[in-house]
Amino acid sequence: MIRDVTANNSAELKTAETVSSIDVALSVHGLRHSYGGDAFVVDGVSLKFPVGSWTAVMGPSGSGKSTLLYCMSGLLRPSEGRVSCSGTDITGLSPDELTRFRREHFGFVFQGYNLLPELTCTQNVMLPTLFGPAPISEAEANEALTSVGLDGYGDRYPDGISGGQSQRVAIARALATHPDVVFADEPTGALDTHTTRAVMDLFGMVVKHGQTLIMVTHDPNVAACADRVVFLVDGRLASVHGRMSASDIALAFATGFASPADATTIPDDEVHISADSHEGE
Amino acid sequence: MRFLSLSNQFRHAHRTSYRSLCLSLLFMSALVSTGFLVLCSAQSRDGAPTAVTALQRLETRAYYEGTAEFMSIMVSSCLLASLVLTVSAVGFLVQENRRQYALLYLNGGTPRQVRLMVMVTLGAPGLAAISLGTIIGCGLCFPLAHLLIRIGGAAPTFRIAIHPQGILLTLLFMLLALLLGILLATRRLTHVAPIEAVVGMCAPSHVTGRARIAAAIILGTGGLTVGFTPLSIQAEARIIVQTMLYVVATALAAPLIMPHIAAFVTALSVPFNRAAYLVARQRSLRGGQRAASVALPVIILLLVVCPFLSMMDVGTAESVATDMAQIPSPLVLRSTGTVAGNTEDSSESHYAAALAFARNSSNVESAGVFDAERYAADTGRTVRTALVAKCDRGTLLTNLVIHAVTDGSLNDLDDDAVAVASGYGQVGDTVTLRGTDDTPHTLRIVAVFGSLPGLQPDYIALTDALGTSRGSNAYVMGYLDTGSPLAVQSAWNADSSLSWAHMYTKQEFINYYVAYRKQGRTGVSTFIAGAAFIALIALIQAVGTAVREAAPGDRLLAQICAPRRLVTAIGLIEYTAGVIAAALTSALVFTLIWISMTLITRTDGLSLLPPIPARVFLILILACVAISAMECLAAMRRSSSRRRRRRTSEDNSL
């Protein structure tokens, strides 16, 4: 199994270096991160994320999924490696530059929603833009809320709405700045199946609008909505797949992340991305 | 800049924290403005110092200038305490909202923008609280001055005036303290990483720790040097500088040493509940800033109050011992003030009775009896406090002159003339004396002499000319020269007709006076009480903040395994351990101060040991423990009721 992983990892690296025929929203190269000591939580990951793609990052607990997401999004500075977005290596930016870059290019959706309890839903949606040069109006923020099905919730506070509604506010906030890449860390971890379905529909809309979505999840049903599934084991890339069914993903988990028969490791330029692929999500 | 529009909502959402910060700022501004205004009034022509009573002025050498200096020191102490507490109060508030600031970073706020937001959020209510506190302080000055005069803490001529410079100094000082607090707190915010909003991690600060320890060691060594090395600096100044250095050193080292001492103290709770001990101990060790925030007000409180009390007693003993050494008699007579009827008539009859006793007693070789009162003398330049002794001519000539007058004669003293201490004026000059009724009396100096026993240093001896302007409080003092003091003393004290005065041996009088002085230091006590009050407010604020910070952990404990009583017990153990840890540290530091105080007074030629205010220490500790426990319970109750309200509203929305 480990031999396969190594082979896949180097194949992926080669792919990342050679493919340039597609528009890449985000690319990571040789990413390694350690929280101190010799053990690397993320160990030599190289990936490219095409514009308008939806990637699910999966793996067992402790495989480094969230750390990878934080490193890619600039929340953690990686120990080694590069993260490029829109032609900028964000690992070389100063904290202020990184904050501005994150504000303009990235959106975030977390399991814990991370809404500011002091602010209303509308203000939470407006917040990232308020720090920037072109703040959106309340009407625009309310419009964003309406687009996620929260019409009339603008004046409510986060502690007065349900978890699913909070997550929708977080999605509306992530989309308010029209970011190039949306990072989602276990976005449905605290939601019931019905609300999970609704959130997936919203993510489908995001991708349909040409934004890139990178999502960490444990849930095969959620990962099955993505264009591409990336498996991570012990901080290393185990395999990269195209669209998979929930049962295949579950099977991959059961077999220790060996590639299932009907899913092959595919390079980035073969990831099929079309507006139709997310119709009816 | 539109993000600044959200600052109102941050204030509203955290109104409890902001309210307690504003209250602290308000009280501190009121104390500082009162201090500045009293100091300004004491230093101007309009007033006199408030630190000692008229009687104390007579009985010891309480210099006008010396008292003003002491007042300056007290005001400086209040300023230092206010500065430290303002900075720490702002620090607590910012620390409490650390996750919110991490969320702002996560949402695209740059460190500069977040700092600006903190400044705006804190600045507006802080400014309002400081302004209001200053106004309250101005208003409080008048009843305070009236109270001090009424209870004898200030001279009858003492007048408070609202000096603009006092108000400006208060505003300037408090605004600078607030600005410093905000700058230091927001500087710490630059260490906050946006990811803390997601995973709650906290950046280690080894560099800050090392810098703190280094600074604390340097300041502590400075305190040791000042206290234990023979220096030519005045004793009181050395002790105050030493105390202040120790306070700042302890405050700096608190986040690093307090958790360990608090963890050690929590071991006392093992017999009651091992689980509570384990959790409280770990919390103390992990939450260094929280343990320090609870301990800091207690340390400031104890290290301001206790060394000052010891020092005041040393100063009093030193002062009275010096004065008593000049009295050429082993016995001192002091009126008890229990005589009914007209004081003036009583005084005259007292002289006669005392002199009759002296004449009839075979043991008494000579005697002098006089009464005295304080007047203000207008020398044309400034109002100087003068001690005015009124004697019958016979006593004056036969006793005081013999023992005291060295460079002048009182033979020419008539009803319109005065004799003054050297340095007060020259023979032929005129001085205007104002009595307690503020009536001016212009008198001519006819004699100048160096010293008068028991009445040091500036005084005017005068005849009966001003007798009619004396107030009702005429305190009679005297001394008798005898070879058998104990026999004379027992004879006097046994005679019921002489009960208007009590006779002491010199040592007894010193002891009496030290005890008396303890009751009478109203002015200084007011400032100490003010500083103590602020420290207690800061303690309440620190405990409240700590409880709010620990609330998520408490909820987790309650969800996992702990019954409500255990969670409450953990809080109580954690915060009372912090207070006890602070008390232990303060006791250690006080021991150093006490040893140095003993050495310093020995160097000055006094063999007395500085008293240890053990009772005050214990009372303060118990008060701090009780206050922190009550605030802990109240804050926990507030937190749980807020949580219940939230849950109800969430259920309703679902």
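The backbone N, Cα and C atoms fix where each Cβ goes, and this holds for glycine too.
Here's what TrEMBL has on this protein:
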{"type": "TRANSMEM", "residues": "B:71-95", "note": "transmembrane segment"}
{"type": "DOMAIN", "residues": "B:73-192", "note": "domain 'ABC3 transporter permease C-terminal'"}
{"type": "TRANSMEM", "residues": "B:116-145", "note": "transmembrane segment"}
{"type": "TRANSMEM", "residues": "B:165-185", "note": "transmembrane segment"}
{"type": "TRANSMEM", "residues": "B:213-233", "note": "transmembrane segment"}
{"type": "TRANSMEM", "residues": "B:245-270", "note": "transmembrane segment"}
{"type": "TRANSMEM", "residues": "B:291-312", "note": "transmembrane segment"}
{"type": "TRANSMEM", "residues": "B:527-547", "note": "transmembrane segment"}
{"type": "TRANSMEM", "residues": "B:567-596", "note": "transmembrane segment"}
{"type": "TRANSMEM", "residues": "B:616-636", "note": "transmembrane segment"}
If we skip the immediate neighbours and take only residues 6+ beyond the ends of the transmembrane segment (B:71-95), which ones have a Cβ under 8 Å from one of its Cβ atoms? 14, 17-18, 20-21, 24-25, 28, 31-32, 35-36, 38-39, 42, 49-51, 101, 118, 122, 173-174, 177-178, 180-182, 184-186, 188-189, 236, 240, 244, 247-248, 251, 289, 293, 296-297, 300, 304, 308, 523-524, 527-528, 530-531, 534-535, 538, 541-542, 545, 549
Give me the DSSP three-state residue breakdown of the domain 'ABC3 transporter permease C-terminal' (B:73-192), ordered helix, strand, coil. 99 helix, 0 strand, 21 coil
Beyond the flanks of the transmembrane segment (B:291-312) by at least 6 residues, Cβ under 8 Å: 77, 81, 84-85, 88, 91-92, 95, 236, 239-240, 243, 246-247, 250-251, 254-255, 258-259, 262, 284, 517, 521, 524, 528, 531-532, 535-536, 538-539, 542-543, 545-546, 574-575, 578-579, 581-583, 585-587, 589-590, 593-594, 597, 610-613, 616-617, 620-621, 624, 628
Checking distant contacts: for the transmembrane segment (B:165-185), what same-chain residues at least six beyond its ends satisfy Cβ-Cβ under 8 A? 25, 28-29, 32-33, 36-37, 39-40, 79, 82-83, 86-91, 93-95, 118-119, 122-123, 126-127, 130-131, 133-134, 137-138
In the domain 'ABC3 transporter permease C-terminal' (B:73-192), averaged pLDDT is 81
